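Data first, discussion second: the structure below is written as structure tokens.
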Amino acid sequence: MIIRQLLRGVFLPPVEFGSRSAVLRALSGMPHPKSDMTEFREVFSKAKHVAIITGAGVSAESGLPTFRAASGHWRKWKTQDLATAQAFSRNPSRVWEFYHYWRELAIRAEPSAAHRAIAECEARLSKQGRSVVIITQNTDELHRRAGSRHVLEIHGNLFRTRCLNCGDVETNHQSPICTALKGKGDPDPSCSDANIPVEDLPRCNQGGCDGLLRPDVIWFGETLDSHVLTKVEKVLDACDLCLLVGTASVVFPAALFAPQVAARGVPVAEFNIRPRAATSSSTYHFQGPCATTLPNALARHETEEI
């Protein structure tokens, strides 16, 4: 698999979530992406297997803050410093407060126009014998709530838990996830930690295990699920069109996905509110809010089957 070969070669050591993106500078010098929507839609109309890689920008348009934004703090801590196994080991109450805050935001959020456009596109193309698979770095389930069925969540899911004792993984949409977290998680810097006793935090209910639960998400410094990564590799190897939506492509290994596809000569189209990155390997770049640019790009083409 190309991703694994890259990870063993030039791009060491980055199956870890959060590794730096400087190594992508080797990709500079690529032709400047085009912004011809008519040309893109013609390419899209002929694609049989579409891979759509989404990032925080899609969910930001649903009102969810991003980890890497300049304002990426919760209380007085950087969000990236809370999303680690070390932080959870030191203070599971604080980390659960933080994730309770994120879960509550995600529960209240509604899928954006970009989420809905992707779901509609997937449903429409499947009737034509074409495939759409979403590879998302987001953990908020908004793609699924919009109606998407083929979603690979490479960074896990806010609404799953994993037991530190028995390893059991469960889906949990309770709000709050446990009584002790009710009303907690306020992000205001003036708020103090709740200091919830560990026995009152989310616990495993499998066969009397009662182990401490953690969010089933990929924290900084942790490796991605190899089963999910294998599925991602198969999708990228098979696709004949790749879309980057709402992602700066700076977090590994997702930063390698589009370059891998582009190396096969497959068109890559980027939809992002940010200007084109100097390391972009995209064929097309459409700057602006995804909720504005993507629905038009994915709308039914006049030559498509109905």
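Here the Cβ of each residue, glycine as well, is placed from N, Cα and C on the backbone.
What TrEMBL says about a protein is an automatic prediction, not a curated fact.
Regional average pLDDT for the domain 'Deacetylase sirtuin-type' (30-304) in the model is 92. Per TrEMBL, the feature domain 'Deacetylase sirtuin-type' maps to 30-304.
Residues annotated as NAD(+) binding site in TrEMBL: 55-74, 272-274, C290. Using a 10 Å Cβ-Cβ cutoff, L64 (NAD(+) binding site) registers 18 neighbours.
Marked as active site, proton acceptor by TrEMBL: H155.
Taking a C-beta cut-off of under 8 Å and a sequence gap of six or more, C209 (Zn(2+) binding site) has these contacts in its own chain: C163, N165, C166, D168. Marked as Zn(2+) binding site by TrEMBL: C163, C166, C204, C209.
Compute the center of the Cβ atoms of C163, C166, C204, C209, which mark the site for Zn(2+); besides them, the chain residues with Cβ within 8 Å of that center are L164, N165, G167, D168, N205, Q206, G207, D210, G211, L213. Across the structure, E61 (NAD(+) binding site) and H155 (active site, proton acceptor) are spaced 19 Å apart at their Cα atoms. Considering only the binding-site residues V58, C163, I273, the Cβ with the fewest other Cβ atoms within 10 Å is that of I273.
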